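Trainee: Provided herewith is a single structure, encoded as structure tokens, for subsequent inquiry.
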Protein chains: 2
Amino acid sequence: MAKAAVLGYGTVGSGVVEVLDTNSAEVEASAGEKVEVKYILDLRDFPGDKHESQIVHDIEVILNDPEIDVICETMGGLEPAFTFEKRALEKGISVCTSNKELVAAHGPELVRIAKEHNCSYLFEASVGGGIPILRTLNTSLKHEKIDSITGILNGTTNYILTKMDREKIGFATVLKEAQNKGYAERKPEADIEGYDACRKTAILASLMSGQYVKYEDIETEGITKITQEDFAYARSLGMSIKLLGMIKKNNSGFFTMVSPFLIPSENPLAFVNDVFNAIVVHGNMLGSTMYYGKGAGKQATASAVVADLIDLVIHKGSHMDVNLTDSPADLSDNGSYVHRFFVRVDENSEDQAKELFGSSIEVIESKDVFGEFAFVTDLISEKDFKAKYAQLVKAKGFLREL
Amino acid sequence: MAKAAVLGYGTVGSGVVEVLDTNSAEVEASAGEKVEVKYILDLRDFPGDKHESQIVHDIEVILNDPEIDVICETMGGLEPAFTFEKRALEKGISVCTSNKELVAAHGPELVRIAKEHNCSYLFEASVGGGIPILRTLNTSLKHEKIDSITGILNGTTNYILTKMDREKIGFATVLKEAQNKGYAERKPEADIEGYDACRKTAILASLMSGQYVKYEDIETEGITKITQEDFAYARSLGMSIKLLGMIKKNNSGFFTMVSPFLIPSENPLAFVNDVFNAIVVHGNMLGSTMYYGKGAGKQATASAVVADLIDLVIHKGSHMDVNLTDSPADLSDNGSYVHRFFVRVDENSEDQAKELFGSSIEVIESKDVFGEFAFVTDLISEKDFKAKYAQLVKAKGFLREL
């Protein structure tokens with residue numbers, strides 16, 4: 001019998017307990033032994049709750065109990081989660097977590113501490129919610145040379161973009177509606193400004209490179225500037241607009257970015273709608289594979305935490321390698337990264353556009369947009385593009401094309 | 001240093017050697033030691049080939065070499081592959097394979113033999129080519145109660161259906177074109193009659209149930225009856241037509257089927273096009289996740305074989321459980337399985353259709369089809385549907401709706 005403690009009895013924490021209750025036979029068969037939740041740490045009491053008797057308010061009770069094999073940290077936020085995880089690992093107690101903020105900020109350090117104390121630190125649920133992407137990168141795809149990871153990593157923004165596209169409603173209206181439905185937070189910045197996707201991109205980039213990619217170093221743009229006009233053009237191009245976390249490794253360097261992208265319909269990410277997340281991984285032998293599912297939600301996220309918990313029980317007393325090190329990643333300047341850009345411009349600017357970007361630019365018209373047109377550039381570096389775009393007198397915005 | 005033998009130097013076998021060559025550093029890092037291909041078994045010689053010196057013609061050389069840790073069987077077919085794998089496992093040599101025919105026919109027996117001899121039998125590449133679906137079912141999703149697995153498991157038929165839909169060309173023409181391009185075999189029955197998808201469905205069903213589902217017991221229908229009219233209606237319904245392997249477990253039983261289905265656009269399988277494969281798994285906690293990638297092809301399939309090979313090297317001297325047993329699965333009669341059916345019928349049959357299927361049937365017209373109409377039934381069991389359909393005097397065909 002393995003004994004676990006759950007830190008935080010909120011949405012994900014109570015989901016973890018629910019998964020362990022509901023699927024106890026499957027969990028036992030997978031882990032090779034029964035898994036019991038001995039403690040649930042929370043500041044609150046839960047009178048009448050089925051697990052009331054397991055609630056404790058003091059982390060010391062958990063850390064000083066030699067019976068505890070594994071801890072699931074589902075509190076979120078940096079502190080006190082960081083201190084609690086660190087102290088557990090220093091005692092040789094393995095930890096799994098859904099806390100993307102903490103993993104993005106201190107993951108490499110926590111993995112090192114786990115290694116030093118012969119225990120493990122796993123964080124499947126921190127990226128893509130219930131989608132088993134990190135375990136797949138660490139097992140099935142570990143022998144591939146991964147040259148890109150591109151993902152829809154935030155369900156709230158994908159929901160907003162899907163609704164803007166389908167129902168032809170503006171960003172502000174859809175955001176308000178999403179907030180009313182509880183799909184978006186009252187303070188929506190973490191989602192709509194791309195900060196959440198940025199942390200997940202940092203974790204994926206770190207695992208892909210085996211080095212530490214700081215989330216602060218990732219150029220991040222949210223979806224607040226996306227308009228109905230953008231979608232109208234996207235439809236005439238047969239494309240979708242999605243907020244992507246993008247990581248590319250090629251001969252010119254290692255690039256990371258969070259930004260809205262126009263996505264051609266040949267790319268399976270173009271059809272990932274509503275609150276779903278999906279991650280496309282491209283390997284040198286395997287080609288592209290995509291992993292799709294619920295990027296958030298109580299039970300799906302909890303299921304991913306439990307998958308880690310089971311792995312930790314199976315590997316008690318040993319360190320599971322997760323290819324995440326302290327050594328800082330050598331990110332290239334995005335200025336040299338090359339792609340196509342979609343540009344909107346005033347209707348009388350075609351001459352200037354062609355002068356700047358060449359006569360081969362692809363001009364796009366939409367029957368739903370008046371007084372302007374758009375064009376798609378040839379392949380051009382971010383740096384060159386921005387220099388030219390700055391000279392475009394009547395520019396009305398641009399998007400990157402995947 | 002681990003020593004491997006590859007049986008069969010054809011498409012997949014030479015791919016395995018190529019992956020081990022190209023990604024040798026990554027393979028070593030993943031396996032924890034170097035992996036060397038000591039022998040390649042093939043009837044042919046390969047003069048001038050980089051690996052000419054490793055070619056042997058006699059299986060005894062491999063089976064009698066105590067240095068061999070692992071065997072990759074990439075010959076395909078039942079014999080002599082079955083005998084070779086069995087003899088290897090009986091000697092305690094772990095085996096991995098891409099041979100779906102053999103796994104579907106003898107997988108449970110081979111897993112049992114591996115267990116008895118403290119070695120392992122893995123077959124990731126037998127389903128979904130490069131898509132890491134089996135390992136995911138056996139690790140990340142092992143604690144879920146899986147209630148359905150639905151997959152596009154054959155790239156050739158998906159290519160044909162995609163092309164029929166996009167280019168509005170008939171089945172026979174597209175098949176001929178696919179054969180000329182090498183996407184379909186000269187003898188195309190294994191693909192177009194659904195036999196290949198049936199074997200993969202049997203493997204997935206066996207893993208899902210932990211019991212042995214015989215492929216012969218799976219009701220299987222191919223794509224040869226799909227017409228341009230079906231696609232015209234599907235387009236007016238906003239749906240796709242795909243050949244699916246379907247496994248469902250619900251209160252009424254455990255159902256399996258290979259059949260073309262109409263797929264609503266909310267389902268991510270609707271957008272899986274060309275030669276790509278994808279598998280949707282639904283778990284009680286996780287909800288739906290989808291795994292997408294190349295279902296065939298030399299390097300992608302080989303990459304999946306190598307992922308298994310690495311696992312076998314890591315777990316040398318122990319048995320890796322794969323949840324596949326000899327005990328026969330208790331499949332329910334599909335007659336009691338309930339879904340909606342799409343039915344095409346002569347234009348003067350509306351009264352009889354409503355008499356048989358109720359006045360609530362949804363009537364569909366297509367601007368591209370004349371002299372007939374179609375309708376979608378309410379939920380109805382296979383058995384009841386077929387009884388009523390048999391009475392429909394001017395019926396022109398039907399499809400199941402997912």
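Don't overthink the numbers, they just go from 1 along the chain as shown.
Each residue, glycine too, has its Cβ placed from N, Cα and C.
TrEMBL lists these features:
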ACT_SITE  B:LYS200  active site, proton donor
BINDING   B:LEU7, B:GLY8, B:TYR9, B:GLY10, B:THR11, B:VAL12, B:GLY13, B:SER14  NADP(+) binding site
BINDING   B:GLU185  L-homoserine binding site
DOMAIN    B:8-124  domain 'Aspartate/homoserine dehydrogenase NAD-binding'
DOMAIN    B:132-310  domain 'Homoserine dehydrogenase catalytic'
Trainee: Among B:LEU7, B:VAL12, all listed as binding-site residues, which has the most CB atoms within 10 Å of its CB?
Mentor: B:VAL12
Trainee: Over all shown protein chains, what is the count of other CB atoms within 10 A of the CB belonging to B:GLY13 (NADP(+) binding site)?
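Mentor: Its Cβ shell of radius 10 Å holds 25 other Cβ atoms.
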Trainee: In the same chain, outside B:LEU7, B:GLY8, B:TYR9, B:GLY10, B:THR11, B:VAL12, B:GLY13, B:SER14, whose C-beta lies within 8 angstroms of the Cβ mean position for the NADP(+) site?
Mentor: B:VAL6, B:GLY15, B:VAL16, B:ASP42, B:THR74, B:MET75
Trainee: Tell me whether B:GLY10 (NADP(+) binding site) sits in a helix, a strand or coil according to DSSP.
Mentor: coil
Trainee: For B:TYR9 (NADP(+) binding site) and B:LYS200 (active site, proton donor), what Cα-Cα distance in Å is obtained after rounding to a whole number?
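Mentor: So the Cα of B:LYS200 (active site, proton donor) lies 23 Å away from that of B:TYR9 (NADP(+) binding site).
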Trainee: Return the residues near B:SER14 (NADP(+) binding site), defined as same-chain residues 6+ apart in sequence whose C-beta is under 8 angstroms from its C-beta, sorted by sequence, else 'none'.
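Mentor: Listed in sequence order, they are B:LYS298.
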Trainee: Give me the non-local Cβ neighbours of B:GLY8 (NADP(+) binding site): same chain, 6+ apart in sequence, Cβ-Cβ under 8 Å, ordered along the sequence.
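Mentor: Once residues fewer than 6 apart are set aside, B:GLY8 (NADP(+) binding site) is near B:LEU41, B:ASP42, B:GLU73, B:THR74, B:MET75, B:GLY76.
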Trainee: Grab the pLDDT values for the domain 'Aspartate/homoserine dehydrogenase NAD-binding' (B:8-124) and give me their mean, rounded.
Mentor: 97
Trainee: Counting only residues 6+ away in sequence within the same chain, which have a CB under 8 Å from the CB of B:GLY10 (NADP(+) binding site)?
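Mentor: Residues satisfying the criterion: B:ASP42, B:THR74, B:MET75, B:GLY76.
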Trainee: Cβ distance under 8 Å to the residue listed as 'L-homoserine binding site', same chain, sequence separation 6 or more: which residues?
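Mentor: The residue listed as 'L-homoserine binding site' has long-range Cβ partners B:THR156, B:GLN179, B:ASP191.
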Trainee: Cβ atoms within 10 Å, counted per site: which of B:TYR9, B:THR11, B:LYS200 has the most, among these recorded positions?
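Mentor: Output for this query is B:LYS200.
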Trainee: I'm trying to understand the geometry here, so how far is the Cα atom of B:LEU7 (NADP(+) binding site) from the Cα atom of B:LYS200 (active site, proton donor), in Å to the nearest whole number?
Mentor: 21
Trainee: For B:LYS200 (active site, proton donor), identify the closest of the binding-site residues B:THR11, B:VAL12, B:GLY13, judging by Cα separation.
Mentor: B:VAL12
